[in-house]
């Protein structure tokens, strides 16, 4: 099996254009999917459980066909049984990961406590932080069923103090993924329902007789799920619609080339659209990484996916120096950024945009994907320019708190009235003026 | 001029259904607007400045027609001149408001500093906070041109540390709103461009030869602007798409009824779709507020809008007690919640969902709209269940930082490999295992 890797050099006169072309990814909208999803959501909104039951029996090929929604509820005892039945090593690994994720996310919660301050005239201003009441977590079924995603989505909600965490996970052909159920048990999910697709998103957003409507839906899914989430946005909150996963490795040429090659593979094996790029100032080292790629590819069970992804969307990029590598990294705003270098902090300090930064040669992305603690749900497709990893803050919101004292109303009222008249909003002005004491 | 106000009573058997009907608001999608916006965005993306120039000359009826984009740039000197030309009272009011907004938002910035912690094996985990590089602020032109919105959108971006704040504001018939320009000067906007509509949103999102692409677009606009923002979401960040504005007043019957009536008006005067609701346990007091409404309405310059809004979407609701009022308020999750009562804090403590809370009878919403300090851009249409006021945090994002020590890689690597094999992601597992020291 051969692999053709794209080489770029920042010294090329058309480098910027080449890089743009490499990064370009336009999520295409499939009209057939859009129409189908719109119809399913409308049906679920109006027929509720009956619609969800029909779609689930049909799309997930439930053996025999479930007679009622009750058949899709997974009792807590079944979750606990799945956890007990796991091989010991797997259970310990899941529990260790969950605990580390919890600890990191507790730090996020500590940071956001709200505040209050009192002005000399007794006016009090502040910001109150509250958790969402009820959230839905979508977990894909079938081959892309990832217990680690259950932890990464549910643990932050739990830490935020969300009272009810409703997880939906389709079970094609009625087959349940035991590791996913075990992860739900560890994460403290309130309720697991084995439904999926646009019908599950609709049920969570609008509610049915058996499913209470949630305030926000998070978690990855296929094109139908993504389209459904976009459509219910506004009725409920949603997380970002994720694009293909990406890794950008900045390397100064001091890391074992096999390690870097395998890090690139670990992204490429996800998906044929995944993107793995290395930036390095050392041409000899780039050649070594390429040799490692050729050597290691045949040993990979998912070699086909890796080869397609690396060929279509991967690149090895020669840069002038690490400083330039950082500038390019800021333009790319990668989901995962490895800085595999001596003294990585000096380069990290120059990075303004990245979903997660992995510093030093021991910090492979795969460690972060599972168990370092920070979330693995990260902004893709350059959205790290303006968005953040999934976190506790996604399950909290703020309310402003304003208590104006009688004295405060005297000064603030005049300012507000002046501006309100300037904007032609007289009731605003009068509302402020009514609170003014009559002049003595 | 008469006004018919809806009365509800929480003791009615169908109260819950009546309340749902009252609150129901479905933002309809206008297919003609969608198609028009899609075409404009496509055109701006591909023809850049030429398209923006044409649309602006046409839609904004620029007298004589501008010859180039340069004509739409408002020099900083013109902003400063607008500020100097303001009546002194207006200038002081704007500057006072801006300073108070800045102080409140500095508190938001202080709260979010990022964190870092080191584990016993030397592994370091953390979260880095960075501002967005460049943001676009949309300011409506014409009759709904609000200088206060310039402050509320630009000041948080400035406090966050955004390097470039690009404001777009259409000038129908070439008329510039001097108070809006003055507000831009006070807020420290980097650049003001007198373009608007979907073409301005497209220019900010995709960039043109004369306008650098931004990372996020915030600010209110008409249906075309809202449709355009939805469409460019993903390419750039956007704030929430706002629905009609709402106020919910919880009153224990101790506030001057004229004050409450005027507070309801101050919401109703915005828009015929605005919603003003009062909850109160005291039937006599409700009658007094209704009398105030009838008495005060004829004195209002915007009486027509107020009457339509109050008739179509307003309500006076009799509740059992203040405790029940708080429960209903949590279900409504209002944009603006006034708790006009003795000892308002006891009720505020029971509120989980509201955009902003105004406590005590002197805290009219209008004071908060202009100059208390907290933001007046708030979640509407029950989205306060899951979203927050506009704030400094909307102009910042987080990056996870992961430095795994060699020792840390030994323990974390085994956990990650176990889970990666469980998920069938062998390159992930191998990437972790390569960092393990060979067993002695």
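Keep in mind that glycine also has a Cβ here, set from the backbone N, Cα and C atoms.
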For the substrate site that TrEMBL gives as A:245, A:267, A:270, A:369, A:423, A:428, the extra residue out of A:105, A:294, A:336 is A:336
Can you tell me the CA-to-CA distance separating residue A:428 (substrate binding site) and residue A:138 (NAD(+) binding site), as a whole number of Å? 44
Just to be sure I understand the packing, how many Cβ atoms besides its own are within 10 Å of the Cβ of residue A:369 (substrate binding site)? 29
In sequence order, which residues at least six apart in the same chain have a CB under 8 Å from the CB of residue A:199 (NAD(+) binding site)? A:40, A:44, A:51, A:52, A:55, A:56, A:59
Residue A:138 (NAD(+) binding site) falls, by DSSP collapsed to helix, strand or coil, into strand
If proximity means a C-beta under 8 angstroms from chain B, which of A:222, A:245, A:335, A:423 count? These are the recorded positions. A:423
By a simple count of other Cβ atoms within 10 Å, which of A:222, A:245, A:267, the binding-site residues in the record, is least packed? A:222
Sequence order is fine: just name those recorded positions in A:138, A:222, A:335 with a Cα within 10 angstroms of residue A:245 (substrate binding site). A:335
Under DSSP, is residue A:222 (NAD(+) binding site) helix, strand or coil? coil
